[in-house]
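Below you will find the structure I want to go over with you.
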Amino acid sequence: MTQTLSLADLRNNYVLGSLSETDVAPSPFEQFRHWFEQALSAQVAEVNAMTLATVTPDGRPDARIVLLKGADERGFTFFTNYESRKGQELAATPYGCLLFHWIELERQVRIEGRVEKVSAEESDAYYHSRPVGSRLGAWASVQSAEVADRSIIEQREADFRHQFGDAPPRPPHWGGYRLVPDAIEFWQGRDSRLHDRIKFFRLADGAWRIARLSP
Ligand SMILES: Cc1cc2nc3c(=O)[nH]c(=O)nc-3n(C[C@H](O)[C@H](O)[C@H](O)COP(=O)(O)O)c2cc1C
């Protein structure tokens, strides 16, 4: 017997806040920082977890969650394996989209732009700030590749631990990417689905144009 999920009746009304063209900061980075701090204060779980969307060479969308590790006027930084599926997709098409859903605040932030590798110095600095287990994990995992069973990964981890001890160097295939935004949309849930959507578009001279989008 098949069971059907009753999803049609699942709905929330959003009432916590509002956002207008005049409330937002003139720079989307400043606006992001403001909302991020509010999400931190609201103790949103995994506040820096974001969906990263990329595209395959034949135009199929792909997505997964990564952790935001830096945000400033240059862009939004995350770290991963450069040879992973996402790494290969970004090598072929260096564009991505980042999406945050801060459910406790009824907010969504959507960031689009070009993706570039961060400098080796930046990757080194973050790599060496991580616990040794994570540093060895970056060596042990051939991220996104099929593996016959878990014991192979655990054996690789033990082998690298034996080789490097507590001081593994950063693997050449592991480091950071920065998404340099050309558009950022801030979404605030409102009553009766009349949500607020304020979008920043980067202009050729580097200034930002602000527009309201229909919900
Ligand atoms: C909460 C959360 C945080 C994650 N953070 C990262 C991260 O910062 N970097 C990363 O490479 N993978 C991270 N992952 C794992 C990715 O979602 C994904 O499984 C992995 O990067 C392989 O993706 P790919 O095969 O598309 O390259 C995280 C997963 C979750 C659920």
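Along the chain as shown, the residues are counted starting at 1.
Positions of Cβ are set from backbone N, Cα and C atoms, glycine also.
Those TrEMBL annotations? Automatic predictions, nothing curated.
Residues or ranges marked as substrate binding site by TrEMBL: R11, N12, N13, Y14, K69, Y126, R130, S134, R193, L194, H195. Taken from TrEMBL, the feature domain 'Pyridoxamine 5'-phosphate oxidase N-terminal' applies to 37-156. Per TrEMBL, FMN binding site is recorded for 64-69, 79-80, 85-86, Q108, 143-144, W187, R197. Per TrEMBL, the feature domain 'Pyridoxine 5'-phosphate oxidase dimerisation C-terminal' maps to 174-215.
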Ligand 1: which of the binding-site residues V66, L68, K69, Q108 have a Cβ closer than 6 angstroms to it?
V66
So of all those binding-site residues, R64, L68, R85, Q108, R197, which one's Cα sits nearest to R130 (substrate binding site)?
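The smallest Cα gap between R130 (substrate binding site) and any of the binding-site residues is with L68.
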Would you say which of the binding-site residues N13, Q108, S144 has the most Cβ atoms within 10 Å of its own Cβ?
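Per the Cβ count within 10 Å, the most buried is Q108.
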In whole Å, how far does the CA atom of Q108 (FMN binding site) lie from that of N13 (substrate binding site)?
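If we compare the Cα positions of Q108 (FMN binding site) and N13 (substrate binding site), the gap is 15 Å.
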Could you tell me the C-alpha distance between R64 (FMN binding site) and R11 (substrate binding site) in angstrom, no decimals?
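Cα-Cα, rounded: 25 Å.
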Spatially, and counting Cα to Cα, which of the binding-site residues is closest to F79 (FMN binding site)? Options: R11, K69, R193, H195.
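Considering only the listed binding-site residues, the nearest one is K69.
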I'd like to know the mean pLDDT over the domain 'Pyridoxamine 5'-phosphate oxidase N-terminal' (37-156).
97
